[in-house]
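Enquirer: Input: one structure, supplied below.
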Amino acid sequence: MRLSVSLGLASLWTAIGATALNVSQTNSSITLANDRLTAIFSNAGKVVDLYLDGQDLLGPASGSTGVGPYLDCYCTPKGFYTAGSTTPRMEVVQGTDATGTQYAGVILNDTYTPTGQQFQQYWFLRDGETGLHMFSRLAYYNETTPFLRNLQEFRTLFRPNTDLWTHLTSSELQTAPLPSDEAVGKQVVVQDATWRFNNTPNDAYYTQFSEYFTKYTFSNAWRDNNVHGLYADGSTSNGTTFGAWLVMNTKDTYYGGPLHSDLTVDGIVYNYIVSNHHGEGTPNITNGFDRTFGPQFYLFNGGGSSSLNELRSEAESLADPSWNVEFYDSIAKHVVGYVPSSKRGSVQGQIKLPRGATRPIAILTVDGQYFQDNSVDPRSYQYWVEMDANGKFQLDHVVEGKYRLTVYADGIFGDYVRDGVQVRGRKTTRINDSWQPESAGVEVWRLGTPDKSSGEFLHGVARDPTHPLHPPEYLIYWGAYDWQQDFPNGVNYTIGSSDPATDFNTVHWSVFGPTPDNPDVEYDTTHDWAINFSLTKKQLQKRKTATLTIQLAGAKTASGNTDVYKPDEPYTNLALESYINQQEEPLTMLIGFNQSSSCIVRSAVSCYQVRSRMTFPADWLQVGSNTLTLHLPRNATDVEDAILPGTVYVQYDALRLELS
């Protein structure tokens, strides 16, 4: 049953039978309630009050705080827009699903009249559950302006305004007390969206986690992120604990595959559906764009004395695309664009893995495209699953269509790729194949582990020893470290004797600094890195060709995260040059403007991947000592619109030299 309502009507009360799931409507609000959870919606399409067992989870509404979950975007010609701000129309739907469980839903319909962009936000509450099932839709039909812009951000937010919440968490390693009001009031800006709490050294966040705070510290890759949220430890709620979680029970309508990383929680619990953070690709909004994202689930739990880990475990138990499939099939008639299980199939397979492969993963994305680029087709779906040690995998609930299968694994250079994987509804597609790893001869040496991350190097995943919660160092803030102390003479690495964890940095800067503790700007020791290695006569005997492979876990050109070519910037495309011994001509790896990502400056060691295999005559090498010089342009910077370092940089995943 669907009720299209104008909230100027007189008060109306409806109930689904004689149960505890009720819907009430007034001239200004809609209320969904079951035995434990009550959500009150404004006529502009926001949750403005939310109660679990009578506990106010949001606090008072004040501007954009004390509300949510709600939908906003950076997607209009003017930039940011909150759905419901122009022509909101609210609908109520209700019924009983295939399991016999009653549900009720609220649907916001809004058209942004300057462009005709159509927004829909869906919230569903089921009897017996303490959370809201969410779908979000954007449609654009405009032949007059067939290209509008990119969909730069599309997100839902739970944005409380209360001292109930005491901790934020996106993983076991990324759990910390929320900074106090005093710390926030006395914080010092050190970078865009990054602050220092040196004026409140007794604050719990400062003493336990870090001196610096940025929302990017709690960002995660979608491969690893299933739930994130806020925790109330009971100190402000008479000993009763609560949790507010975004549960990513499905990930097939996001973009970027398992390497996509994004913001999760910073006092706000986000569902970042689309963004270009960390250089991720975003779809273009063109005539005919029509995409429904979801479902995801905002879970609110607690009401007793459960610990953070116990409440998180409850949330994690729901982070499974098999959860509530019958319910989602039942409400598909209400949700424009949602694909029911009758039009979904499975892919089952085994890929013989190369020797040394660990943590293998199987990925389905749009056919014919690199998996991080699947946003080029806004209609595309994506799926992945961890493979077992024998290369076996199964992917279920896959929307029918044609896909590319990609497999990658730690320890192996390159990927396995297979196009044309056809999936049909209620059918199983079977694949058996062997992954032949790329090879250009005999491997002489490698530096780093090919795992699509620069985290194994200095100030990467190593744990901070100075705070009791020991967060990984890369998550904090690049300016917390000092290049001139770490590498006073630059990087001079020797294969076989140097330690990658201490002698090779997680980022290769063109320029370093200034930082809060060091006003100097250094560009003499940063741009050239030396890698020394020895070769024997036997290794070079009868060898004609050498191949240098460089895999980057991220690279920042003058284009930053935008994928926009900037003709006035000399480094909008960036050349990383490799010099072999005394050769005057370099091997050049050109990093394109559309491959750029703001990675380490946004607390990340894995962003948009870039790689190159470059050949050169083996006689450039010599018996005995050899040197590879990795060269970035000296003092290469761009103009930044925000308070961010202007330097270009690259982050190495792994390098290797082969001879044939």
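The backbone N, Cα and C atoms fix where each Cβ goes, glycine too.
In case it's useful when we look at the structure, here is the feature table from Swiss-Prot:
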SIGNAL    1-20  signal peptide
CARBOHYD  N22  N-linked glycosylation site
CARBOHYD  N27  N-linked glycosylation site
CARBOHYD  N109  N-linked glycosylation site
CARBOHYD  N142  N-linked glycosylation site
CARBOHYD  N238  N-linked glycosylation site
CARBOHYD  N284  N-linked glycosylation site
CARBOHYD  N432  N-linked glycosylation site
CARBOHYD  N492  N-linked glycosylation site
CARBOHYD  N532  N-linked glycosylation site
CARBOHYD  N594  N-linked glycosylation site
CARBOHYD  N635  N-linked glycosylation site
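Give me the local environment of each listed feature.
Expert: Other Cβ atoms within 10 Å of the Cβ of N22 (N-linked glycosylation site) number 18 in total over all chains.
Under DSSP, N27 (N-linked glycosylation site) is assigned to coil, being neither helix nor strand in the three-state scheme.
Taking the Cβ of N109 (N-linked glycosylation site) as reference, residues of its chain lying under 8 Å away and at least six apart in sequence are, in sequence order, P88, R89, M90, E91, Q118, F119, Q120.
Secondary structure at N142 (N-linked glycosylation site), as computed by DSSP, is coil.
According to DSSP, N238 (N-linked glycosylation site) is assigned to coil rather than to any helix or strand. Counted within 10 Å of its Cβ, the other Cβ atoms near N238 (N-linked glycosylation site) come to 7, all protein chains included.
Classification of N284 (N-linked glycosylation site) by DSSP places it within a strand. In sequence order, F147, L148, R149, N150, L151, P378 are the residues of the chain that are 6 or more apart from N284 (N-linked glycosylation site) and have a CB within less than 8 Å of its CB.
Within 10 Å of the C-beta of N432 (N-linked glycosylation site) we count 11 further C-beta atoms, all protein chains included.
Sequence-distant neighbours of N492 (N-linked glycosylation site) (same chain, 6+ residues apart, CB-CB distance under 8 A): W529, A530, N532.
The secondary structure of N532 (N-linked glycosylation site), as reduced to three states from DSSP, is extended strand. In the structure as shown, the Cβ atom of N532 (N-linked glycosylation site) sits within 10 Å of 15 other Cβ atoms.
In sequence order, S559, D563, Y565 constitute the residues six or more apart from N594 (N-linked glycosylation site) in its chain with CB-CB distances below 8 Å.
Within 10 Å of the C-beta of N635 (N-linked glycosylation site) we count 14 further C-beta atoms, all protein chains included.
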Enquirer: May I ask which of the glycosylation sites N142, N238, N432, N635 is closest to N27 (N-linked glycosylation site) if we compare their C-alpha atoms?
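Expert: The answer is N142.
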Enquirer: To the nearest whole angstrom, what is the C-alpha distance linking N635 (N-linked glycosylation site) and N142 (N-linked glycosylation site)?
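Expert: One finds 45 Å between the Cα atoms of these residues.
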Enquirer: Have a look at the glycosylation sites (N27, N142) and report the one with the fewest Cβ neighbours inside 10 Å.
Expert: N27
Enquirer: Going by DSSP, is N594 (N-linked glycosylation site) part of a helix, a strand, or coil?
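Expert: DSSP assigns N594 (N-linked glycosylation site) to helix.
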Enquirer: In whole Å, note down how far the CA of N22 (N-linked glycosylation site) lies from the CA of N238 (N-linked glycosylation site).
Expert: 29
